[in-house]
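Trainee: Quick one: this structure, given as structure tokens, is what I'll be asking you about.
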Amino acid sequence: MHELYQPREIEAAAQTFWDEQKSFEVSEQPGKETFYCLSMFPYPSGKLHMGHVRNYTIGDVISRYQRMLGKNVLQPLGWDAFGMPAENAAIDNNVAPAKWTYENIAYMKNQLKSLGLAVDWSREVTTCKPDYYRWEQWLFTRLFEKGVIYRKNGTVNWDPIDQTVLANEQVIDGRGWRSGALIEKREIPMYYFKITAYADELLESLDELPGWPEQVKTMQRNWIGRSRGMEVQFPYDQASIGEAGALKVFTTRPDTLMGATYVAVAAEHPLATLAAQGNPALQAFIDECKGGSVAEADVATQEKKGQPTSLFVEHPLTGEKLPVWVANYVLMHYGDGAVMAVPAHDERDFEFASKYDLPIKPVVRTSAGDETPAPWQAEYNEQGPLINSGEFTGLHFQDAFDAIEAALVKKALGQSRTQFRLRDWGISRQRYWGCPIPIVHCDTCGDVPVPEDQLPVILPEDVVPDGAGSPLARMPQFYECSCPKCGAPAKRETDTMDTFVESSWYYARYASPHYEGGLVEPNAANHWLPVDQYIGGIEHAILHLLYARFFHKLMRDEGLVTSNEPFKNLLTQGMVNAETYFRMETSGKKTWINPADVTLERDAKAKVISATLTSDGLPVEIGGTEKMSKSKKNGIDPQTMIDQYGADTCRLFMMFASPPDMSLEWSDSGVEGSHRFLRRVWRLAQAHVGQGASGSLDIAALTDEQKAVRRSIHQAIKQASQDIGQNQKFNTAVAQVMTLMNVLEKAPQATPQDRALLQEGLETVTLLLAPITPHISHELWTQLGHNEPVIDAGWPVFDAHALVQDSLQLVIQVNGKLRGHIEMPASASREEVEAAARINENVLRFTDGLTIRKVIVVPGKLVNIVAS
């Protein structure tokens, strides 16, 4: 055994061993308990960042621990390889997205392997490869034929210069993020998943997920947003509108119906179109609205604007004429594109009515009283007894709901309805680097799904996009085809799918990644699924996790899987933060500086008191700790750390610095501390092994001092097992091992019994560290005399007898202040403990001249003598 800890050699040897032995390749073993551990797969951006390292280390620790419990553990990895960054890089560097993506995958795979992950690489999937997306297209065609996928016009953000659709987050201050063009709203045909058909189940089956953080489940509940309310019809005023009909609205507060003073419709609503005829001012406003964002969040925060239409509708209960306004805060794709406005009890309506001097009629008595004077108060939105509401006055919310519903049903102008905030999922993207949508457009047959024997529709990979719309729409060799039904000339769909589709089912493909008979091989899928432990960032709480849950139910209904949910347990890891530094330019702009280029001055307590730029010695500002990012230049390259300290040190620091679900603050001194600890472990083991094999331990013959050492060993096993297995608090498990190391380093090594006990202690340290620092553990286990690798060793089990103490050291207090200790047999009674405490010399000294009023004995811990 080499005298010094040499991580580079140790880690290379361990990884070579695992590769040659195919240690982490698994197959179905009926009768053996399975554990499927999965970390969210990475986008191949080019290089790993510390967030990746943390994510995959957490997953690897859990996987290795479960393997040591004797389970058949599956931990796969792959690549979420389609998406916008590849197109942008292609445009910037004039390189095909495929080439850029595959080069990044090769580099990042080597980086991941250098972390020593226990991954079954034989199951690797890459979502941009036809052998993967072929099955996505296969499922698409089946769902299209069932009506679960459908095509309709949708409102999108259109960039007239780049000739493409932009996501809401790509619209900045009304302009395209790349072109700077003013964005238009456009109606274009798009494909949608009917996720709303599963809204109730997606909501209710959240209750079947006790292993998910409550925060994530709450976010999904709010996103799905089930609300019970009423559909109310306001009959058209035929004199102003010129035809019979009714304006349909949905409200969750039908109790406030008697307070409606106007109605507002979206710019795209048919009544808005009708009113704009011959009204240039209204038409200009409608055009302005159509140029705005289609994002609900943007609409909520923007200034409320509107235009009157000169149209009226009738109040369904009173017959009163209410004016119709076009308002920018009403969205056509939400609800019915119209709202009944009750300014007294809705903040948006209040703001709008105040601005345009519309009537505000209070109809609910709230804790703010019967009136609703400006400014708006949150209390105005409360439920309470009705006022100013005719026959409904005095009724509370539920009674008012029922009575108003009965009155509307009687007049055939309303009914109760459950509505969801969740919209159907539009998946069409006018992008190149994505999975082609397998539809052919035929003038005779309409939209025809591509037959299974013609799948996959292959995306050409030798294309360099220029940013102006989709290249596929300009490639006749791609879109010109024959109709699969009638054989006539037809046109292939040139939109590609939202990349969230690929990540909605990848976890299932890992169960049978090479299966060519379908999306999954059902027996393999049902053997491994659902995933036992899923790990990823909280930023995926809504979209990815909701879409994956939806897809799992689609696969279940297609007979591909039998379970209802994809992920039993979810761990959302915290971010990796680091210190930031900057200089303020005269323009007011901050120029961020990499921490590696900064020299710090610290006080005696190691607190930073000043920072200077190393190159010029001049001061820089300390910006505080923030998430590692390219923009703030505070990222640390994992490869640099691995090259300098080894993967085990990085892994140990990541696990020790913070609980996995909390933010982790990067610390160079913390990394160095982790490295020093591994050197201590190596040094102690090297000294022990150098003295030759130790004999067997005679537990019956242990001295009190040896019993105390053994108690520390088994206390560490007990606590670490609880910390990792039950609580996923890897940081406290590491702390247990560090505490044990302190004991072992001080333990005597003079006798054969001492050496046998140290052998047990070092084996325990090795086993407890094995999931966290697998390379050094691999080497230590061999050096400690074992033939089988540590990955096949079982997790240690604590000996309950070793934890039993013959004697206990108790604290003695006088009037709450520490005055000494006494050693007592563990079996001593309360009376015996009190008697021993009373005659302790320190107690006698501090109670001299006082009367002992009370003696409090806390068994196994302390004695407090109260005297005055």
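Numbering starts at 1 and runs along the chain as displayed.
Cβ atoms here come from the backbone N, Cα and C positions, even for glycine.
Look at Swiss-Prot and you will find Lys630 tagged as ATP binding site, backed by sequence analysis. Taken from Swiss-Prot, the feature motif ''HIGH' region' covers 42-52. According to Swiss-Prot, the motif ''KMSKS' region' annotation covers 627-631.
Structural setting of the listed features?
Mentor: In sequence order, the list of same-chain residues 6 or more apart from Lys630 (ATP binding site) whose Cβ falls under 8 Å from its Cβ is empty.
Sequence-distant contacts of the motif ''HIGH' region' (42-52), counting only residues of its own chain at least 6 positions beyond either end whose CB sits under 8 Å from a CB of the stretch, comprise 79-81, 83, 85, 101, 104-105, 107-108, 111-112, 537, 575-576, 628, 635-639, 666.
Note on the motif ''KMSKS' region' (627-631): its mean pLDDT in the predicted model is 84.
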Trainee: Mind checking which residues reach the motif ''KMSKS' region' (627-631)? Cβ under 8 Å, same chain, six or more beyond either end.
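Mentor: Same-chain contacts beyond the flanks: 49-51, 575-578, 592, 666.
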Trainee: Let's see if you can do this one: DSSP helix, strand and coil counts over the motif ''HIGH' region' (42-52), in that order.
Mentor: 3 helix, 0 strand, 8 coil
